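Listed in Swiss-Prot:
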type     : residues : note
ACT_SITE : ASP71    : active site, proton acceptor
SITE     : ARG15    : site 'Important for substrate specificity'
SITE     : THR72    : site 'Important for substrate specificity'
SITE     : GLN155   : site 'Important for substrate specificity'
Amino acid sequence: MPGSAPLILASASPRRLELLAQIGIVPDRVAPTDIDETRRKAESPRELALRLAREKAAACDAEGAFVLAADTVVALGQRNLEKAADETEAADFLRLLSGRAHQCITGVAVRAPSGQIVSRAVLARVKMKRLTEAEIAAYVASGDWKGKAGGYGIQGAAGGFVTAINGSYTAIVGLPLYETKSLLEGLGYRR
């Protein structure tokens, strides 16, 4: 159906923009939202990812448009590994993940022009090889960890640390494409 309402991406992530382009979706505008991303008491990583995606979609000022928002949480058990604040924290995160399996949960939410919000959480399990201190130091020095949940980006050099994935690769990168396309189309969005 030509003439679909515009699509706003409520995210500053260049990776999400690149992922959307892979499936032929180019947002009409990028408008990151600023919300409180503090984890609530007893909130699971899945609940956190979903809530943040929904709140970002709701907070975007885009009347009459579709709004797409997402949030990725890296969890080791019930511990969230957010975006590393500095090189020391990035190295600490990599030491924690070294030789272990962890979860990447991406919550994706779409707000229709009517205001209706639909959302889904997509979970992937990632296993990392045991990392040497030299590998950790080199990766941290590269700066590739900046702005990435868990202090690493699977689509870059850290992809060489991953021994197994169970689930959606694009959810690990930051936007599960199959689920995103399904949510958009389910609400009537057409390119």
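Every residue number used here counts from 1 along the chain in the order it is shown.
Positions of Cβ are set from backbone N, Cα and C atoms, glycine also.
Where Swiss-Prot records a feature, it is marked here on the structure.
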{"residue": "ARG15", "record": "site 'Important for substrate specificity'", "Cβ contacts under 8 Å, 6 or more apart": "GLY153, GLN155, VAL173, GLY174, LEU175"}
{"residue": "ASP71", "record": "active site, proton acceptor", "Cβ contacts under 8 Å, 6 or more apart": "GLU37, LEU48, ALA49, LEU52, ALA53, LYS56, THR106, GLY107"}
{"residue": "THR72", "record": "site 'Important for substrate specificity'", "Cβ contacts under 8 Å, 6 or more apart": "ALA49, CYS104, ILE105, THR106, GLY107, ALA149, ALA171, ILE172, GLY174"}
Query: When you measure from the Cβ of GLN155 (site 'Important for substrate specificity'), how many other Cβ atoms are you left with inside 10 Å?
result: 17
Query: For GLN155 (site 'Important for substrate specificity'), what is the secondary structure by DSSP, using just helix, strand and coil?
result: coil
Task: Determine, from DSSP, whether ARG15 (site 'Important for substrate specificity') sits in helix, strand or coil.
output: helix
